[in-house]
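Chemist: Found this in Swiss-Prot, in case it helps:
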type	residues	note
SIGNAL	1-18	signal peptide
DOMAIN	25-251	domain 'Peptidase S1'
DISULFID	C31-C165	disulfide bond
DISULFID	C52-C68	disulfide bond
ACT_SITE	H67	active site, charge relay system
DISULFID	C100-C258	disulfide bond
ACT_SITE	D112	active site, charge relay system
CARBOHYD	N123	N-linked glycosylation site
CARBOHYD	N124	N-linked glycosylation site
DISULFID	C144-C212	disulfide bond
DISULFID	C176-C191	disulfide bond
DISULFID	C202-C227	disulfide bond
ACT_SITE	S206	active site, charge relay system
Amino acid sequence: MVLIRVLANLLILQLSYAQKSSELIIGGDECNINEHRFLVALYTSRSRRFYCGGTLINQEWVLTAAHCDRKNIRIKLGMHSEKVPNEDAQTRVPKEKFFCLSSKTYTKWDKDIMLMRLKRPVNNSTHIAPVSLPSNPPSVGSVCRVMGWGTITSPQETYPDVPHCANINILDYEVCQAAHGGLPATSRTLCAGILKGGKDSCKGDSGGPLICNGQFQGIASWGAHPCGQSLKPGVYTKVFDYTEWIQSTIAGNTDATCPP
């Protein structure tokens, strides 16, 4: 039964690749300036280069990957071009950071999620607006949009001035199990990509959003290197599984626990 599902996913993804082969993050297309108002870029006070992405979920909170944690994080909102900033672009620093575990431990398949409270809230503007948490998990075969300022070539790194976007698909978890050794039987992650290769998130895209049918479903966590290999889809933290923890933390319950 698993083999049948995997083969069915391969057919779906091959058809998607044939239809959308020009849309790549690795060597791919610039995002529309109006489609990523919730996308934020993370950098540190020591380096101006964006090293991770994140997602604005309300005027005061940003969601990203736990492995994107650094000292002296700076959060850039309302950005498109780094060289020519939008007039409404803003910079914030985190007031608080929240992790699933107090030890900040996470694995490639578990709890790679970090919630940051901004020191000062932001207002909606032309290029800044939050995205809602998902009301339901995505289904296998869903077309999703991945985006970020990560490298557009791999293994050599080429960082773009503007965010790049690509359409990828939700796959059965078993596809990622077959592609990446060591994954457990179940995990709170999503498997997403194009089995034929060419479309993928990459270094610098970590922590950024996976948007499926208009809903924020995933956080870019990890994948193969070089990026964009055939039969090597990416792994994304499954946001839906953490919505209760996120909402409880935002409501002030700092003792909220993540799902086991």
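Each position is counted from 1, following the chain as shown.
Placement of Cβ uses the backbone N, Cα and C atoms for every residue, glycine included.
Here the structure is a predicted model, which means the values were calculated and not measured.
Walk me through the surroundings of each of these features.
Modeler: This prediction places the mean pLDDT of the domain 'Peptidase S1' (25-251) at 93.
Of all Cβ atoms in the shown protein chains, 20 besides its own fall within 10 Å of the Cβ of C31 (disulfide bond).
Remark: C68 (disulfide bond) has L42, Y51, C52, G54, M114, S206, G207 as non-local neighbours, by Cβ distance under 8 Å and separation of at least 6 in sequence.
H67 (active site, charge relay system) falls within a helix when secondary structure is assigned with DSSP.
In this structure, C258 (disulfide bond) belongs to neither helix nor strand by DSSP; it is coil.
The DSSP secondary structure for D112 (active site, charge relay system) is coil.
N123 (N-linked glycosylation site) carries neither a helix nor a strand DSSP state and counts as coil. Long-range Cβ proximity for N123 (N-linked glycosylation site), meaning a same-chain Cβ under 8 A and a gap of 6 or more residues, is found for Q59.
In sequence order, Q59, P130 are the residues near N124 (N-linked glycosylation site), counting only same-chain partners six or more apart with C-beta under 8 A.
Annotation for C212 (disulfide bond): spatial neighbours P138, S142, V143, C144, R145, I170, G218, criterion Cβ-Cβ under 8 Å with sequence separation of six or more.
For C176 (disulfide bond), the same-chain residues that are 6 or more apart in sequence and have a Cβ closer than 8 Å to its Cβ are L183, T189, C191, P233, V235.
Around the Cβ of C227 (disulfide bond), the number of neighbouring Cβ atoms within 10 Å comes to 25.
Residue density at S206 (active site, charge relay system): 24 other Cβ atoms are found within 10 A of its Cβ, drawing on all protein chains shown.
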Chemist: Have a look at the recorded positions C31, H67, D112, C165, C202 and say which one has the shortest Cα distance to C258 (disulfide bond).
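Modeler: Closest by Cα distance to C258 (disulfide bond) among the recorded positions C31, H67, D112, C165, C202: D112.
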Chemist: Quick check: in three-state DSSP terms, what is C176 (disulfide bond)?
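Modeler: Looking at the DSSP assignment, C176 (disulfide bond) belongs to a helix.
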Chemist: Sorry to bug you, but what's the C-alpha spacing from C100 (disulfide bond) to C227 (disulfide bond), rounded to the closest Å?
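Modeler: With distance taken Cα to Cα, C100 (disulfide bond) is 28 Å from C227 (disulfide bond).
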Chemist: Tell me the Cα distance separating D112 (active site, charge relay system) from C31 (disulfide bond), rounded to the nearest angstrom.
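Modeler: If we compare the Cα positions of C31 (disulfide bond) and D112 (active site, charge relay system), the gap is 25 Å.
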Chemist: Tell me which of the recorded positions H67, C100, D112, C165 ends up closest to C202 (disulfide bond) in space, Cα to Cα.
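Modeler: So, spelling it out, the nearest of the recorded positions is C165.
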